[in-house]
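Below is the structure I would like to discuss, written out as structure tokens.
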Amino acid sequence: MTVAPDIDPLSLVLAPPKDETPEAREARLLKEREAKKRSDMIDLELKRDQQDKKSKPVKILLLGQSESGKSTTLKNFQLINSPKAFRSERSSWRAVVHLNVVRSVRLILHALGEAEASSASSVPPGPDEPVYPEISSELRTLKMRLSPLQQVEEALLAKLTPGAAFKDRLYAQVDVDEPLTNGPESTRGGNPAAEVAVQSGAPWKGAFNRLIANARGSVDGPEVEAQDSREARQLLQACSEDVIRLWSDPTVKEVLKVHRLRLEDMAGFFLDSIERVTDLSYEPTDDDILKARLKTLGVSEHHFSLKAGNMIPQKWVVFDVGGARSLRAAWVPYFDDMNAIIFLAPLSCFDQVLAEDETVNRLEDSILLWKAVVSNPLLKDTSLILFLNKIDILKAKLASGQKFNEFVVSYGDKPNDFENTSQYMKKKFTMIAKQHSAEPRGFYTYFTSVTDAQSTADILGSVRDIIVRSNLTRSQLV
Ligand SMILES: Nc1nc2c(ncn2[C@@H]2O[C@H](COP(=O)(O)OP(=O)(O)OP(=O)(O)O)[C@@H](O)[C@H]2O)c(=O)[nH]1
Ligand SMILES: [Mg+2]
């Protein structure tokens, strides 16, 4: 029987040649060192990848009533954490800005129509009825000249839901608060305040980008727009001088005052920048995108990679929901396993009612919602972060003489200024959190104006640190 020599065949293959020169040896060792470096790098990547897969993402839910600023907070997240993607969507937001302009004009024309009807009526207005100023024939002509703006709305809506037949496309993805039949006039069911909304899951931004890419032929070529949307922009630009005339007309201002309509405090207000936003070369700025209003339907989730201090980047998912009353039932399934809730309560809405129910004051609705959130057992371990939002509008309203205690009677005769009203509301929200939480819990409050990118970036930075810290503490406790 022969015994196999105790030699590893692999080491024979890998062994250096017997007659290797010192130079060849040096080159071989260098090559081996480089190969080892590459292999170590690959190992490290694999390890990181495995760790990433194991580490659960941080989940944040944005909550609050409609128009409280949830989607705007999400836009700030995107602006900070994925600025390239945020800015690549400018052309989609341009259409939203234009829809916002058309809605403002539509509201003015409706108020003018009411004023005309009132002066044409043979019955004098009752003591509680509004008394409108006389509408001049010039103003009537201006009103008629602006009616083609409806076509702009149609073309832009068509762009938001491409591919669907006209009658169906508004049904398909865009909701305007009321049942739709056909054409924007009937889609609004006669409600001039109805606003356009998009299903969170609907690929409306993708649809815009695809349109542009198809028209370009080449991604690198100059941007060529689809015919219908270019015509809509040309039409809007042609109406721009008339819109400026309308907005600066003293009778219109008077009519809006009688109508109790402060367009400048409303979502998606661009009438002060008409010349700029209707210019054919207009590209929305970051601020314009933050101000543009598009109501959310459903729930959408957005993924980010966030870094705090010198930690490795962590996956974050931010959930944005529709805040209108009819959409709130969809929130509950998202309460489970959420790391933090950012609750937005717009302080400026103390004198407003809900769009979906005119018998409910918006601030009161926000307080009720906050109560429901803090007392929900599914959220008892979730970090709560309260944004008392729209403080810029609150300041402007108080400065214009609007009385806080007219709407919040319990405020009494304390000074009608920002300092006192905001602290009063902060105490109210804090007390509710203390009274309605199952166990004592900390929560964080910020006074915010989420259309201000700079201050919001600072606040979101500190929110990120709070969440990272509280997650660390929680994982150490487990
Ligand atoms: N001036 C001002 N406007 C704000 C502020 N926060 C939000 N807005 C504007 O208010 C409007 C409504 O904000 P959104 O973020 O769309 O509100 P939302 O909570 O997502 O509303 P839904 O989608 O209907 O639930 C938008 O036009 C915003 O630009 C703020 O702090 N100040
Ligand atoms: Mg929204």
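For all residues, glycine too, the Cβ spot is worked out from N, Cα and C.
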Which residue range, 1-24, 73-96, 241-264, 265-288, is the one TrEMBL calls region 'Disordered'?
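The range carrying the region 'Disordered' annotation in TrEMBL is 1-24.
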Return the maximum Cα to Cα distance in Å (whole number) over the record's GTP-binding residues: L290, K291, A292, R293, L294, K295, T296, N389, K390, I391, D392.
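So the binding residues stretch over 23 Å, Cα to Cα.
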From L294, K390, D392, which binding-site residues have a C-beta atom under 6 Å away from some atom of ligand 2?
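Among L294, K390, D392, near ligand 2: none.
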Which residues does A292 (GTP binding site) neighbour through Cβ under 8 Å, counting only same-chain ones at least six apart?
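Same-chain residues close to A292 (GTP binding site) (Cβ under 8 Å, separated by 6 or more) are W93, V96, V97, N100, G268, P284.
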What does DSSP call T296 (GTP binding site) in the simple three-state scheme?
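Once the DSSP labels are grouped into three classes, T296 (GTP binding site) ends up as strand.
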Check D392 (GTP binding site) against DSSP and tell me helix, strand or coil, would you?
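DSSP call for D392 (GTP binding site): helix.
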